[in-house]
Every structure is written in structure tokens, then in C-alpha cells.
Amino acid sequence: MTVVHIRDGVVAYGGRPVLHGVEARVEAGETVAVLGANGSGKSTLVRAALGLVPLQRGEISLFGTPLRRFRDWGRVGYVPQRLGAGSGVPATVREVVSAGRLARRRLGRPGRAADRDAVTAALESVGLAARAGDQVDTLSGGQQQRVLIARALAGGPDLLVLDEPTAGVDAGSQTAFAEVLHIFGAAGGTILLVAHELGPLAPLVDRAIVVHDGRIVHDGDLPEPVGHHAAFHHEHLHPHAPEETKSLW
Amino acid sequence: MNLFAYDFMVRALIGVVLTGLIAPAIGIYLVQRRLSLIGDGLGHVALTGVGAGLLFGRSPVIAAVVAAAIGAVVVELVRERGRTSGDVALAILFYGGISGGVMLVSLSAGSSNRNLMSYLFGSPLTTSTEDLYVIGVLAAAVLAVALFLRPWLFAVCHDEEYARVSGLPVRSLNILMAVTTAVTVTAAMRTVGLLLVSALMVIPVATAQRMSRGFAATMGWAMALGVLTGVTGLWTAWQADSAPGATIVLVAIAAFVLVTAGMVVKGRLAGRERPAPAAETEPIECAIDRAAQRDTVSG
């Protein structure tokens, strides 16, 4: 079954095209990485698939249903790049994760025991059960990222969509993250993730879609890094270094 | 002197307690969205409703609810578009609202500046029984929205994109929130007045968030503080024979200053008793060898 299907997807921001008629599919149970340089359109591709960015042309379907008729949002777990900028009003870790249950709750109905249990289980799966009552702003970046994945997992999704989940996250949290995704994938879950670099997530990926200048230039096995990007210790820590190769990520 | 010896005082007290409950209950969502001043703007717009009500001999409160609700929906639509010109659009709406109000009030026969002042700055002591019924119904509606829909409104205010991907009716919730804000502004008009209503929506929340770690806790404290400062302010105004609306707001600000100072002192004391726990930081991702760098540059 095709979980995500984008046909001839065109997206433009203020008249400037960002995606030029892309074609992409994600099948059930697959882990697909969308790779590309900054500004390549890889995030836009995934955001369009979720309906967060309007399509100028083309069609998107989720779980076989056209996006505009899709209502079964409980099956989709979205993990944004980071928690929105602090709002001033504090929120606990548990309160943020509980928002992940709303796709499965009727508007205005009080939460049931099943909702509370799902939130607790999601917090346990990312190792943050002990921090449930803490203010989310006091957590480290890596821990906040784990809060966001717990929020997505709390809804019991079939598809996880992650937008650069490990950008700026410490190595320990990245490994914990990979472990959570591995368990989710092993249980039959479908994963679509956007990444600048995969790090510890690389072994999980079944297929890679490489976006360059708003076009898909590769769709298949994870390409081998080339040049200095292939070096064991390569970490992209040199923002001011000149471009050395034509490598795409 | 017994505060409850006079009926008008009892009515004033009920009005103030209801305002103290509802203003922070909806205000917390505005603070979370960084729209703290929107209540003030809607107060301006509500004044046009008051003016129209007085001019056409209808209930000023009902007319104010309608005007503020329309204003709130316009504000929400402007916000949703996220245009930079939204700032100017809001300014025009707000100043148009207050000018329209002042002009319509001046046109209506039998009304005076005193009448206008009572809507701008509140006059809880003149609250009638009918006023109380209206405020009571409006307050019940506001509380129902703010309390029963808390998880949904929280989700929309906290992370609107995520709420969209959760399939929540984001736009309807936003408009509901905007209209509820308008209703709150109008309900609070009799007690603190249209120019000060924003203060009761924001200040108790600002005070409460210093004392709590979570959203629900902040909301509970803010509502308790709203009622407490309202009652204390009314009593102070009675004792000092000062303007009640303004006194209530000043008491709320005093509470904010006291709590902030208290938390600072508490933090200092806690810091002295035991060493501060090591801040949880990210492991170092890359270490730049400054000395080596200098050598390279100079060499």
C-alpha cells in the first residue's frame, strides 16, 4: 500500500518555484530519507505532503486518500524541526506530549485513561518519563527533540514524518532517537524523514530520495558519500569552508 | 466598615469576581500567542458598539459584544495572513474603533462625558441587576470555552502547524478564541472598563507564570489571582474612595511586583543553601583549538 504519494507536485513561494513537478512514493513499512542541501526543497516536499504548504499543481494522497479529503490524521505523527519559540506561558513535558492525542480525541471530550496511558508510554519510550512534570523550556535541545517525537508517538501513528529531527542534537540523543525509530519501524511503521545528514539514522534507511534545486535527482539506495564527506569523522562543522565538491549533502 | 452592607456593593463584588475569573482564563491563550495587547485593541472597537447602542437606544452591552466580535474576527483574519501590513491594519481598526465610539456617544442625546468615562474606565458600583445577568451569561460562555477546550486551544496556541497536522479545525478554533476574547472584553467593560480590560487579561497570567511550571497550573493560579486582586482592588477603592477599575489594575500590578521580587529572593536563598545543580547542556560538538588557530593565522 502506498502511504504517501506525490504526483507532479509543484510548489512556489511568492511566484518563485521551489519544487518543479516532483514524483515520490512511500510504501507501507518503508523508511525513506529525503536528502538534500539547505534550500534544495527537501523540507518543502515533506511539508507539502502534509498539507502545510499549498500545491500549485499536482496531487498528493495519504494512505490512498487525496489530501483534501484525508481526515484520518491520527495515523500521521509529525515531528517538526524544533519546538516553537518559547511563548512565556510555561508548559510541562506531559502537557506538550498530550497534544499528540488530540487527533484521536473528539473535540471537547475529556481525556480517557487510554489517552493518559498512551502519553505515559510515549514518554517512557523516549526515556523522559521522569521529566513529565518539568517545564519543557528547561530541557536541553536533544531532550526537547525527544519530547516532540513522544508527542508524535502518543497518537499511535502508522506514519512518522520527521523534519530534520537530529539537526543540532547531541550524539547521545541522536542514538536514542535512532533506537526509537528502529522500534517504530520494526513494528511495521512507515517513516519519512528529512535530513541534511543522517548520522546514526543511516542504518535504518531503506531508500533515499535526493532533492536538488527542487527536482528529485536520485531515488533508490542510500548513495555513498563522496570526497571528504565520506571521511569517518566528517561532521559538517565548517560553515565557512569553501565548497570542495559537487556533493549534494 | 462592612463591604456587604449595600446592595450595590454586593453587585459590584459579583461583577468583579466574574471578571477576575474570566479575563485571565482567556487571557492566558493571548499571552501564549504573544497577543497580549489584543484585548486592549478590541476594547477600542467595542466602544463603537457602545456608541451605536446608546445612539439607537439599544443595549450598549449587546452592541459592544457584536462590534468587538466583528473586530476580533477581522484581527484573526489579518493575523492568519501574516502580512507585515497587518500591524498597520490593526492600528487603523483600533483607532477607528475608539474614534467611532467617541463620535457616536457624542451624537446620542442624553449622554455625557460621564457616561463615556464609565465605559472606558469601568464603574462597578453602578452595576445593575440586569447588567449582572448579562455579565453572568457572558462569563459562563467564556469559562466553558476556556476550560473545556483547553487542550485544543493550548495545542493551537503552542504549535499551530502541529495542530493542523493533527487534523484540528485550526481556523474555527482561532475564530472561536477571537470571539471569546471579544465577549470577555465586553463582560469586563462594566468593572475595569474598556481601556483597562487588557490589564486583567494579562497581568494575573504574567504573575502566575512566575509561580508554576505547567500551563494548567498557570491558568488556575491566574484565575485565583484575578479574583483575589479584583476583590482586594474593589475593597481598596471603597476605603480610599478611588476609581475602582484603575485601583483593581494597580493592585494586580502590585501583586506582580511582589511575586516577582519574592521569586528572586527565593531563588537567591535556594542558591545559598545548596550549590546550583549543574546546568544540563549539550555535549561539546566541536572544540576549536584557539591556540592552534592563532598559530596558523600568525604563521
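Here the Cβ of each residue, glycine as well, is placed from N, Cα and C on the backbone.
TrEMBL entries are annotated by machine, without manual review.
Copied from TrEMBL, the annotated features are:
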- B:12-30: transmembrane segment (TRANSMEM)
- B:61-78: transmembrane segment (TRANSMEM)
- B:90-112: transmembrane segment (TRANSMEM)
- B:132-153: transmembrane segment (TRANSMEM)
- B:165-185: transmembrane segment (TRANSMEM)
- B:191-208: transmembrane segment (TRANSMEM)
- B:215-238: transmembrane segment (TRANSMEM)
- B:244-265: transmembrane segment (TRANSMEM)
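Counted as Cβ pairs under 8 Å, contacts with the transmembrane segment (B:191-208) are highest for B:244-265 among B:61-78, B:90-112, B:244-265. Only pairs six or more apart in sequence are counted, and the transmembrane segment (B:165-185) with the transmembrane segment (B:244-265) gives fewer than three Cβ pairs under 8 Å, not enough to call it a contact. Non-local neighbours of the transmembrane segment (B:215-238) in the same chain are 1, 3, 9, 12-13, 16-17, 19-21, 23-25, 27-28, 32, 124, 146, 150, 154, 191, 200, 203-205, 207-209, 244, 247-252, 255; each lies 6+ residues outside the stretch with a CB under 8 Å from one of its CB atoms.
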